[in-house]
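In TrEMBL this protein carries:
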TRANSMEM  6-25  transmembrane segment
TRANSMEM  75-96  transmembrane segment
TRANSMEM  116-136  transmembrane segment
TRANSMEM  145-164  transmembrane segment
TRANSMEM  249-268  transmembrane segment
TRANSMEM  289-311  transmembrane segment
TRANSMEM  331-351  transmembrane segment
TRANSMEM  405-420  transmembrane segment
TRANSMEM  426-443  transmembrane segment
TRANSMEM  464-486  transmembrane segment
TRANSMEM  506-524  transmembrane segment
Amino acid sequence: MRSRSFRQWELGFLLLYAAAFYAIVIDRSLHLSISNYVSFLFYHYEKLRGLHPGWISGRLNDISDAQWRNFRENLPILTVVLGFFTIVANILRYWYNLKGRGMSFIWILTSLSYLSYLHGACVGYIISVASLNFFMAKVFARSKYYLGMLWVFNLAILIVNRIFEGYSFSLFGQQLAFLDNYRGTFRWHICFNLVILRMISYGCDYHWSYKKPLFDQKKHMQRCNICSSGKTCYFSLQERSIHGDKYSFSMYLCYLIYAPLYIAGPIVSFNAFATQMDMPQKNYSLGQIILYGLKWILTLLLMEAMTHFFYYNAFAVSGSWRHLSPLEILIIGYGVLNFMWLKFFLIWRYFTFWSLMTGIETPENMPRCINNCYDLETFWKSWHASFNKWLVRYMYIPLGGSQRKLLNVWVIFTFVAVWHDLEWKLLSWAWLTCIFFAPEILIKSCSNAVQVRSAFGMCIQRELSAIAGAVTISCLMVANLAGFVMGPSGIKWLISRLLHKDGLPILAGTFTTFYVGTKLMFHIRDAKKCNQLKDH
């Protein structure tokens, strides 16, 4: 009873602290943006890059992030095109009762028209490489060396694509040089990174189809709430073996260039895609999908408010954060990470919406808020969640799974960095993450080995876990800012700045805030567990 009363008092304090923290962050962010808004207009036009006239209260809008700017500007045409494709595909499916094979041809035709606009003549590169991968699968899939061949081929393509920046047609003869004038509006080799993941997925699933299936459907249904209710979960779609004729070239090509998921994903395995192309998903009703879309629109409005009132990313890309106080630097860093989370949330949910409208359910990226993760493992499972599932199925488990966890994280995160781009700052992000991951893995294994039963022991364990959570959040901020915002040199400067006399109190306050945030996350987890127990 005392423990319960203490938890309630603790929760009250944590909520008050969180409210005060966000009040300070919002106040300082508004002050930075408003003061800089005036100087931007009258004195320092070049200081902040990426601020453009907005539509809210006459304020400037921060569209300094190229990825967000391109998505936002192309949103109307994307919506029209994907909406048209969805209507056409669904009408043809229901009028002619089309199944997997028929729908694959429909989506190949519509997707090729989409790719022709995006990449122009470079569509030929995509079809050529995809055909080579398909030919290799059909010839060597039964070989025990096939998976090695598959990975070497796709990694080579990934690296060479980047080195040659998508290849000039003149490399293959001056008679083809004129095609360089018809390369489309979007660099094909950037989108091809996702196609490579799909080619590996197809090759692995096809290779494993010749082996005895390890997936036990009956046992899974006993444990899975979705499958036991009569529906089919994504894991079951992914793990279940499918008929050999589903591995046809038409289904393969449809999977690679499927328009709703082509640009950004989410990533879906070949088995799950082919199954749903034949039998559309039934986990989401039309009403639920429409509600999903309405929630997305509200989130877009939140993003617009954020970029009109808080110029976090403009400060980061302009380097202006170097002239700010330690507190303001940390607020900018925290704001940039929240901006990145919201940006990817919107991009991925947008394409997920159109995929659901066409009958394909994908793993949900960003299932948990960035401010509700206190360990590295949970963070990566909740960030690019579909990519995480792909990595687990096609890399982590084949490399030995949990038996070689400490080694596997280095291989996997290095691949993730190279897959994103050939940049040192991404490799530094990957290796920093691995360095931070190793202690967490060891601490978790030791914690699981020790069974604490006394109230005092559980209290000590909870406090130590909160401290560990605060350390992890600090490490996550450093790794992500190094990889995606400031680079290693910027992080080095930031740390040296915070270690000065005026920065140490801010550093201590930040760590305390992360500790309080972790304790608040514990309460959220406890509440969810209680609700789950009540439901059962």
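Using N, Cα and C of the backbone, Cβ positions are placed for all residues, glycine too.
Curation plays no part in TrEMBL annotations; they are all automatic predictions.
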Same-chain residues at least 6 beyond the ends of the transmembrane segment (506-524) with a Cβ under 8 Å from one of its Cβ atoms are 7, 10-11, 14-15, 17-18, 21, 326-327, 330, 371-374, 462, 465-467, 469-470, 473-474, 498-499
For the transmembrane segment (405-420), out of 6-25, 75-96, 249-268, 331-351, 426-443, most C-beta pairs under 8 A are with 426-443
CB contact flag for the transmembrane segment (75-96) and the transmembrane segment (249-268), at least three pairs under 8 A: yes
What residues in the same chain, six or more past the boundaries of the transmembrane segment (426-443), come closer than 8 Å to it by Cβ-Cβ distance? 375-377, 405-406, 409-410, 413-414, 416-418, 420, 468, 472, 475-476, 478-480, 482-484, 487-488
Tertiary contacts of the transmembrane segment (6-25), defined by C-beta under 8 angstroms and 6+ residue spacing from its ends, are 331, 334-335, 513, 516-517, 519-520, 523, 526
